[in-house]
Number of protein chains: 2
Amino acid sequence: MAAAGGVVHISEIEKYKGDIDVLILCGGSATDLPEQGPELAALFNTVDSFDTHAKIPEYFEKVNEAATKAGTVSVISTGWDPGLFSLNRLLAEAVLPEGKEYTFWGKGVSQGHSDAIRRVAGVKDGKQYTIPVEAAVERVRKGENPELTTREKHLRECYVVAEAGADLAKIEHEIKTMPNYFSDYDTTVHFISEEELKANHSTMPHGGMVLRSGRTGKDSTQLIEFGLKLDSNPEFTASVLVAYARAVYKLSQAGESGAKTVFDIPFGLLSPKSPEQLRKELL
Amino acid sequence: MAAAGGVVHISEIEKYKGDIDVLILCGGSATDLPEQGPELAALFNTVDSFDTHAKIPEYFEKVNEAATKAGTVSVISTGWDPGLFSLNRLLAEAVLPEGKEYTFWGKGVSQGHSDAIRRVAGVKDGKQYTIPVEAAVERVRKGENPELTTREKHLRECYVVAEAGADLAKIEHEIKTMPNYFSDYDTTVHFISEEELKANHSTMPHGGMVLRSGRTGKDSTQLIEFGLKLDSNPEFTASVLVAYARAVYKLSQAGESGAKTVFDIPFGLLSPKSPEQLRKELL
């Protein structure tokens, strides 16, 4: 194993075959993981946070083929969404089949939307917050099972640093009318100084909630809610990956192989505690 | 199998060996399940909601021995606490090891405390609600990780129907000072009529939440919260048992045997959907 804190170039990774219990893949979902995931699963047990929801089935098949052939275990697409939110969607649907599920994201920084702002002409820097509409969340909590449009579920709040002399009205209009990213939402644009952006908008908070309201018996409304409030999205995602790395190691030791998702992993494997201890202390 | 809606005496149950996929045991934890659990696990796949937390390890061993010998699968102690709350305690501890966990119950009817009220001389009928102290919940949500006493976490609210001519002050004093049940809590006693009790306090709502606030990195507070708001505690518990019955059946078909808890069951097995469908629709 590399010395603690040592950094090794990925081109040398094959040398470490047999020395690493589980590789935690931190590459991006757009171009890194589609290649790295299957390649590294052929050499090591892996955990990743591949999060392009629509491409998960295809990615699963590729990693599964490599891992099955190599006798390794790979947990794909973990983190909080996909990951803990997915688990709660499944659990709530299995327990309350007659119901409706709602996922709200935020308040938090969306990287994709922040990037979109920064591509607008005249914008020097910017951050975008996704914010759940509190009134919509309350309607779901009351068991109303409302039909909610995109606009009714989330607000988008933008903090923008403009280039000197830029046309602020034009920037604001361009952001608010941007298709896919902002036009379907109530969007607010705040122009601030570079110093303000640095001082107040440099961390990566996020969070959100998965709610399901369902009916049982004649007329009982039952609500299941799972929520996260995160000061640091990347640190929390990393913490989830580490918990799943424990499970990967245990499954590998038990002789399993292939790709898995959070749906395939019993929670007991996430903990360093023994099954006896878990039953005694946490059940 | 018995005809839909048919009722069969438990003494005849052995006749149904081989005809029943999974038995859902609905007996009580005090005296029914300690006997019925192991006995029935020797004949059938079972699911139960054994909820005497301190005796779970012993109960697990007995059911496990019977089920292993018989080649059956038994999920014990499921429902919401133990059950879904336990799962969230484990998950949150595995992801945020440096943190503190809080479980709040209510607002809901506590059967044990309602029984205790009804045993007081001069009381004709009564219902007790356990209520989380909102200020305590808010401190946890803010990431303060407070040390909370029993009194600071929950309130107890009692609705009492007194016998004609009973000494109300004496009843109130006796309830409020009852050790274990009420003396450690801020307890409110409301005297109401039998009609009012029937009209406003005859359902079995319950709920509660599991929160864990933890630290990651240098100074990031991360909060995980799972909550339930249930119009009917028994109907929701039954819904969880049915979901776990699906898992028991699948595990049994896969050739597994022995006692299991919620910690041993991957969520994928709770759903009637296939693994492919779950990855596509819910991940």
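Using N, Cα and C of the backbone, Cβ positions are placed for all residues, glycine too.
Automated prediction, rather than curation, is the source of TrEMBL annotations.
The NADP(+) binding site feature in TrEMBL is assigned to A:CYS26, A:GLY27, A:GLY28, A:SER29, A:SER49, A:PHE50, A:ASP51, A:THR78, A:GLY79, A:TRP80, A:ASP81, A:PRO82. For A:SER49 (NADP(+) binding site), applying a Cβ distance below 8 Å and a minimum sequence separation of six or more within one chain yields A:LEU25, A:CYS26, A:SER29, A:SER77, A:THR78, A:GLY79, A:PRO82, A:GLY83, A:THR237, A:VAL240, A:LEU241.
Per TrEMBL, the feature domain 'Meso-diaminopimelate D-dehydrogenase C-terminal' maps to A:79-232.
Per TrEMBL, substrate binding site is recorded for A:TRP105, A:THR130, A:ARG156, A:HIS206, A:ASN233. Counting Cβ atoms from all protein chains shown, A:ASN233 (substrate binding site) has 22 others lying within 10 Å of its own Cβ.
Sequence-distant contacts of A:THR130 (substrate binding site), defined as residues of its own chain at least six apart whose C-beta falls under 8 angstroms from its C-beta, comprise A:TRP105, A:GLY106, A:LYS107, A:GLY108, A:VAL109, A:SER110, A:HIS113, A:HIS154, A:LEU155, A:ARG156. When each of the binding-site residues A:GLY28, A:GLY79 is scored by how many other Cβ atoms sit within 10 Å of its Cβ, A:GLY28 comes out lowest. In three-state terms derived from DSSP, A:CYS26 (NADP(+) binding site) belongs to neither a helical nor a strand segment and is classed as coil. Taking the C-alpha atom of A:ASN233 (substrate binding site) as reference, the shortest distance to any of the binding-site residues A:GLY28, A:ASP51, A:ASP81 belongs to A:ASP81. On the 0 to 100 pLDDT scale, the model's mean across the domain 'Meso-diaminopimelate D-dehydrogenase C-terminal' (A:79-232) is 96. Most Cβ neighbours within 10 Å, among the binding-site residues A:ARG156, A:HIS206: A:HIS206 holds that distinction in the structure as shown. A gap of 18 Å separates the Cα atoms of A:GLY28 (NADP(+) binding site) and A:HIS206 (substrate binding site). In sequence order, A:SER29, A:SER77, A:GLY79, A:ASP81, A:PRO82 constitute the residues six or more apart from A:ASP51 (NADP(+) binding site) in its chain with CB-CB distances below 8 Å.
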